[in-house]
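Q: I'd like to ask you about the structure that follows.
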Amino acid sequence: MPELPEVEVTRRGIVSHLEGHHFVGATLRNPSLRWPVPHDLGHTLRGLKINAVTRRGKYLLFDCGNGTLILHLGMSGSLRLLPAATPPQKHDHVDLILDTGMILRFKDPRRFGAVLWATGDVTHHALLAQLGPEPLTEAFDGRLLYERTRGRRASIKDVLMNSRIVVGIGNIYANEALFSTGISPLTPAGRISMRRYEKLAQAIKETLNLSIEAGGSSLRDFVNSDGSPGYFQQQYWVYQRNGQPCRKCGTAIEQTRQGQRSSFYCPHCQR
DNA sequence: AATCTTTCCTGCCGGC
DNA sequence: TGCCGGCAGGAAAGAT
């Protein structure tokens with residue numbers, strides 16, 4: 001499922017095919033995603049120049065000057081650049097048609113993704129206005145985590161996955177970064193020291209950057225291929241390794257539940 | 001066939 | 001009392 005690295009790899013894979021070009025329309029086969037795709041999206045986009053393709057958290061933003069196309073991959077979404085005549089397959093819900101003879105095709109079997117149109121300053125859009133800082137910028141560091149968790153009883157894992165505190169950290173990278181720092185996912189966030197938060201923030205940046213680099217190596221396969229960033233075989237330290245030996249100490253990895261999500265951790269390495 | 005997956009939203013709770 | 005932020009739980013759809 002797409003987390004921040006997958007979204008960023010997708011962005012890098014499509015950006016040179018979009019920026020400076022124009023939309024000529026859109027094809028909506030199934031507009032019922034997380035929210036309805038605007039029925040007149042094709043008319044809205046017609047003739048608009050794509051000035052920039054950026055990312056905010058896990059949202060992709062297509063800046064068209066007087067408006068912005070907002071796209072979220074949800075749990076199962078993917079984007080592919082294809083020749084305009086390519087026949088659609090199952091779950092290919094939306095095509096964004098370009099003036100280059102190519103289309104940007106959105107596939108999303110579970111339909112938790114989103115394709116929306118926003119006018120005005122997109123940073124004020126309801127989906128974006130409340131988001132915390134980007135984890136790969138200087139605005140995110142141990143001090144921010146420390147200050148925003150004073151008095152909080154929620155677990156550190158829940159805090160890392162709270163997009164109001166920091167964006168883009170999903171279940172996989174929350175588990176992996178906590179292992180890397182030796183912090184139990186169950187630890188109350190308000191009881192973690194500044195020193196440990198500085199290590200945790202660094203681990204988050206390193207974990208995300210490594211995944212982006214791994215995905216970047218397969219970028220050439222993005223166009224006219226299966227569209228997957230191609231690094232989902234990545235080796236994890238703890239994620240989905242319950243019952244298997246810890247790669248550092250050999251202790252069996254444990255699985256527990258926080259909210260409705262699974263946490264994986266080494267009971268020896270993480271305290 | 002129940003379970004698993006992510007994100008946003010709703011509503012409850014305790015504190016002031 | 002009423003408001004607030006924090007926090008838990010629910011819903012969406014499809015694969016297995």
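Every residue gets a Cβ built from N, Cα and C, even glycine.
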Q: Looking at TrEMBL, A:His91, A:Arg152 are annotated for DNA. Which of A:Arg56, A:Arg110, A:Arg164 sits in that same site?
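A: Record source TrEMBL; matching candidate: A:Arg110.
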Q: Using a 10 Å cut-off between Cα atoms, which of these active-site residues sit near A:Lys58 (active site, proton donor): A:Pro2, A:Glu3, A:Arg261?
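A: Matched active-site residues: A:Pro2, A:Glu3, sequence order.
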Q: The domain 'FPG-type' (A:237-271): mean pLDDT?
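A: That stretch averages a pLDDT of 90.
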